[in-house]
Amino acid sequence: MPEQSRAEIQFHHIGRQREAERLGMLVFLASEIMLFGGVFLAALALRMLHPQEYVAAASHMKLWHGTANTAILLTSSLLVALAVEWTRGGRPKWAARCLWAAVALGLTFLGVKAHEYYLDYREGKLPGAANANFSTPFEQLFSNFYFSVTGLHALHVTAGIILLALAALRGEARHDRHAVFIGNVALYWHLVDVFWIFLYPTIYLAGAGE
Amino acid sequence: MTAAAVDTEREPEEIEGTSYLRAGYSLRSWLLTTDHKRIAILYLLSITFFFAIAAVAAALIRLDLITPEGDLLSNEGYNRAFSIHGIMMVWFFLIPSIPNTIGNFMIPLMIGARDLAFPRLNLLSWYIFIVAGIFALFVVVAGGVDTGWTFYTPLTTMYANGAVVATVLAVFISGFSTILTGLNFIVTIHKLRAPGMTWSRLPLFVWSHYAVSIIFVLATPVLAITLLLVAAERVFGIGVFDPSLGGDPLLFQHLFWFYSHPAVYIMVLPAMGVVSELITAGAHKKIFGYWFVAYASIAIAVIGFLVWGHHMFVSGQSVLASTAFSFLSIAVAVPSAIKVYNWTATLYKGDVALDAPLLYAMGFIGLFVAGGLTGLMLAMLAIDVHVHDTYFVVAHFHYIMVGGSVTAFFGALHYWWPKITGRLYNEVLGRISALLMIVGFNLTFFPQFMLGYEGMPRRYHVYPQEFQVLQVFSSAGAGMLAVAYLMPLTYLLWSLRSGARAPANPWGATGLEWTTSSPPPKHNFTEQPVVVRGPYDYPLAHPRSRQDA
C-alpha cells in the first residue's frame, strides 16, 4: 500500500489525512470570517451612526479602481476554480497555467490598489501625510478606516498570492497530495475574494449615487 | 482485532526506554518536539511561570487592601498591579491552562490516537504563545500598564499610562496560539478517533474541549481585530472608537465582550470536562445523563455567544437590548445547572473514594454553584444596576474563574499526574491542600460579596473605614490560598524524585488513557486500541483496586 506509507504517523491512512487537511482549512476560514466580521460590524456601526456623512465620505472613493479590482479578483477566482478541476481531471499543465494567471491577476490587483493609494495621497486623503486635508472629522475617520481595512485585505491577498505560487510550482507533479493542497489554497483564495465582494459595496458603492 | 486493547485486565507495563519521557533527553528533543505530550509539558511549565507572576500581583493587591488608606502601593501602582494580575491570569494562565496542558496531553490518549492531527502546528502554537509571553514580560519589566484587563476605550487609547501597545500586542499574538490549538482539537476529534470510538462513546472531557475549541476559533479572531483597532487608535488615532472623529467607544465594548464573555466559557468549559471525569472516576459510576452533559457543553458554547450585552447594562445600551441580553444570560444558566445536577446524581449511591481529585471536583461544584447563582443575580437588570462595578461582580467572577477553573485545573493535575509523570504523589498532602484551597478560597472571596453589596467599588484601593474588617478577612484568605497553591507545587515536584511508580490505572478508572502505561509510550499505544464499550462503563470487569494507589 504505497498510499498508506505516505500518511503521517497519527493517521490511519492517507485518505484520512487529506480529510483532516481539508477540515483544518475550513476551520481556519471560519476564524478568518470572524476576523473580517469585526471589520464589517465596525463599518455598519459607523454607517448607522452617521448615514449622510458616511455616504458623502464614500463618494470620494475611486469607484473605477474598486470596480476594476472586483472584476480582476472574480476572474482570478474563476481561474483558480478551473485549476482545481483540471488537477482533478488529470491535466496538471493547464492547472499550473491557470494558477500562474491567477497569481498575475493577484499582482495586478495589488498594483491597481497601490495606484489608488497614490492618487488618494495626492488628493490629501492619506491620514498623517503632510498634505492631508479633510473637510469633516468623519471624512478623516472614514479615510483611516478605508486604509486600515483595505490594508488588512491586501495582506491577505499577498498571503494568497504566495500560496497560489506554491501551488503552481507543485501543480506540475501529478498526484493526490497536490490536488488536496491546490484545493485548500483555492478555498483560501476564494475567501479573500469574498471579503472583497463585501468590501466593494461597503466602501465604494455606498457613495456611488452621490 | 479484538476488544483486548481496551480491557483493563491486562496491566500494560512500561517497557524500558519506550516512555515519551525517555524519547530523548536533550534540550533540542524538547524544544523541537512534535509529541503532544511533551508540548503539553512545555505549556505546563510556561503557564506555571505566568501564574506565579499574576499571583504576585494578586498578593500585592491583597496586602495593599489591608489598610483603608492603601499604604503599600501608590494609586498608579495599584492600577498597574490589578492590570498585570488580570491580563496575566486571563490570557497567560486561565485560557491556556486546562486545554493546552491537560487537553493537549489527554485528548489523543482519550480517543485512541497517536497524536493531534497537526503536530507541527501544535508546536508552533506553543512558540507563538512564548512570543506573546515575551511581550507580556516586557510589559512587566517596563513597569506595567494601568488599563485593566478590559482595555476599555477611551481610557486605553487616550489616557492610559505604561506599555499599552506592547500589552495589546501580547494579547493579540497569544490569540493566534489559541486559534491554532482550537483548530487542531476540532480536526483531531473529527478525524482521529480510534475504531469504535463513536461520538456517543467520547469521554465528556473531549466533548467539552470540542465545545471550547469552537469558541477558540470563532471568538478569538474578533478579539484580534478589536485589539488591532485599539493599537491603531493608540498609535495613529484612526478614530473608530474616538467620538471626536465620529467613532464610538461603545463599539469597543461590544466587540470586546463578544469575545470576552465567551472567554469565560473558554475558562470554565474545560473545567467542566475535567469534573465529569473526576466525578465518575471518584464515584466509580456511570455518568448520569451522558447526552445531557455532552449537549450542555455545546449549548453553553452557542448561547455563550449571545450574552455579551450583560456587561453593558449601565453603558447606555437600549432597554430592549438589555432585556434580551438579560433573558439570554439567564438562559445560559440552564445547561450549566443540568451539568451540576447530573454530577450530583452521579455521586448518589456511588462507590465514592474521597481522594484528592474528587475533593477538588466537589469543591468545584460548590464554588461553581455559588458563582453561577450570583451570576443569575447579575443577569437581572435591576440587581446589576445596583452592584455593577462593585466587589460583588469581582467575587462572582472569581468564584467561576478561580473557584471553578483553577480548582478544576488542580484536580486535573492530581488526577492525571500519575499518567503524565509515572509517579504517585502523597495522597494525604493532596487532600489537605484540596481542603485548604476550598476554605481559603471562600475566606478570600465570600467577604467580597458582602463588600460589593455594601457598595465597595472595584479597582479602588482607598476605602471607608467600615470595610476594613471584611477586607482583612479577604486578605487572610488569600494567604491561605497561597499556601494551598504552593503545597502541590512542592509535593508534586517531590514525587518526581521520590514518588512511588504509578501503575497504569491507579484510580480504577475507565477511559483509554488508563489502558496504556504510565507514562505512555511515545506514540501513546503499543497497539491500536479498538473501542467496544460506551464511556464510563463502571464497574470495571476487573477493577483495579484502590489499594494500588
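Every residue, even glycine, has its Cβ placed from backbone N, Cα and C.
Keep in mind that TrEMBL annotations are predicted by a computer and have not been checked by a curator.
Annotated domain 'Cytochrome oxidase subunit I profile' per TrEMBL: B:30-532, in sequence order.
The transmembrane segment annotation in TrEMBL covers B:40-61 (among others).
Per TrEMBL, the feature transmembrane segment maps to B:81-102 (among others).
Annotated transmembrane segment per TrEMBL: B:123-143 (among others), in sequence order. Same-chain residues lying 6 or more positions outside the transmembrane segment (B:123-143) and placing a CB less than 8 Å from one of its CB atoms are 32-34, 39, 42-43, 46, 50, 53, 80, 84, 87-88, 91-92, 96, 100, 162-163, 166-167, 169-174, 176-178, 180-181, 184.
The transmembrane segment feature in TrEMBL is assigned to B:163-189 (among others). Tertiary proximity for the transmembrane segment (B:163-189) is limited to same-chain residues at least six positions away from its ends with a CB under 8 Å from its CB atoms, namely 87, 91-92, 95-96, 99-100, 103-104, 107-108, 111, 113, 116-118, 121-122, 124-126, 128-129, 131-133, 135-136, 138-139, 142-145, 147, 151, 156, 202, 206, 209-210, 212-217, 220-221, 223-224, 227-228, 230-231, 234-235.
According to TrEMBL, the feature transmembrane segment maps to B:210-236 (among others). The list of residues near the transmembrane segment (B:210-236) in space but at least 6 beyond its ends in sequence, with Cβ under 8 angstroms from a Cβ of it, reads 99, 151, 153, 156-158, 164-165, 168-169, 171-172, 175-176, 178-179, 181-183, 185-186, 189, 202, 242, 252, 255-256, 258-260, 262-263, 265-266, 269-270, 297-298, 300-301, 304-305.
Sequence-distant contacts of the transmembrane segment (B:256-275) (same chain, at least 6 residues past either end, Cβ-Cβ under 8 Å): 90, 94-95, 97-99, 102-103, 150-152, 204-209, 211-212, 215-216, 218-220, 222-223, 226, 297, 300-301, 304-305, 307-312, 339, 343, 361, 364-365, 368, 397, 400-401, 404-405, 407-409, 411-412, 415. Residues or ranges marked as transmembrane segment by TrEMBL: B:256-275 (among others).
Within the chain, the transmembrane segment (B:287-307) has long-range Cβ neighbours (under 8 A, six or more residues past its boundaries) at 200, 202, 204, 207-208, 210-212, 214-215, 218-219, 258, 261-262, 264-265, 269, 272-273, 276, 279-280, 325, 328-329, 331-332, 334-336, 338-339, 342-343, 345-346, 348, 379, 534-536. Taken from TrEMBL, the feature transmembrane segment applies to B:287-307 (among others).
Sequence annotations record features per position, and here TrEMBL assigns transmembrane segment to B:319-338 (among others).
The feature transmembrane segment is assigned by TrEMBL to B:358-383 (among others). If you look at the transmembrane segment (B:358-383), the same-chain residues 6 or more away from its ends with a CB under 8 A from one of its CBs are 268, 271, 274-275, 278-279, 281-283, 307, 310, 313, 322-323, 326, 329-330, 333, 336-337, 340, 343-344, 347, 352, 392-393, 395-400, 403-404, 407-408, 410-411, 414, 431, 434-435, 437-438, 441-442, 449.
What TrEMBL lists as transmembrane segment is B:395-416 (among others).
As annotated by TrEMBL, transmembrane segment applies to B:428-449 (among others).
The feature transmembrane segment is assigned by TrEMBL to B:469-494 (among others).
A Cβ distance under 8 Å defines the sequence-distant neighbours of the transmembrane segment (B:319-338), meaning residues of its chain 6+ beyond its ends; these are 289, 292-293, 295-297, 299-300, 303-304, 306-310, 312-313, 368, 372, 375-376, 378-381. Using a Cβ-Cβ cut-off under 8 Å and counting only residues 6 or more beyond its ends in the same chain, the transmembrane segment (B:81-102) has close neighbours at 40-41, 43-44, 47, 50-51, 53-54, 57-58, 60-61, 64, 73, 125-126, 129, 132-133, 136, 139-140, 144-150, 162, 167, 170-171, 174, 177-178, 181, 185, 209, 212-213, 216, 263, 266-267, 270-271, 273-274, 401, 405-406, 408-409, 412-413, 416, 459.
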